[in-house]
Amino acid sequence: MKVAYLLVLFTIMMLANDASLVHTNIPCRGTSDCYEPCEKKYNCARAKCMNRHCNCYNNCPWR
């Protein structure tokens, strides 16, 4: 029973983190190309370059 509870809790945490991901049309060649545009647009420099487009995260802990 404890394992099932932990599995549900882990799944909810993963889904909540994915909800903070914002897909954009900002072109990129590497993750470092995304930091500045994402910080300007979402006030958070957390980003990834995926499929040549920036994905910004808007869950910065210091906001």
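The backbone N, Cα and C atoms fix where each Cβ goes, glycine too.
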Swiss-Prot pairs Cys28 with one of Cys38, Cys44, Cys49 in a disulfide bond, so which one is it?
Cys49
Recorded disulfide counterpart of Cys56 (Swiss-Prot; options Cys34, Cys38):
Cys38
Return the single candidate from Cys54, Cys60 listed in Swiss-Prot as disulfide-linked to Cys34.
Cys54
Between Cys38 (disulfide bond) and Cys44 (disulfide bond): CA-CA distance (Å):
6
Spatial neighbours of Cys49 (disulfide bond) among the recorded positions Cys56, Tyr57, Cys60, defined as Cα within 10 A: which are they?
Cys56
Cβ-Cβ neighbours of Cys28 (disulfide bond) (radius 10 Å):
20
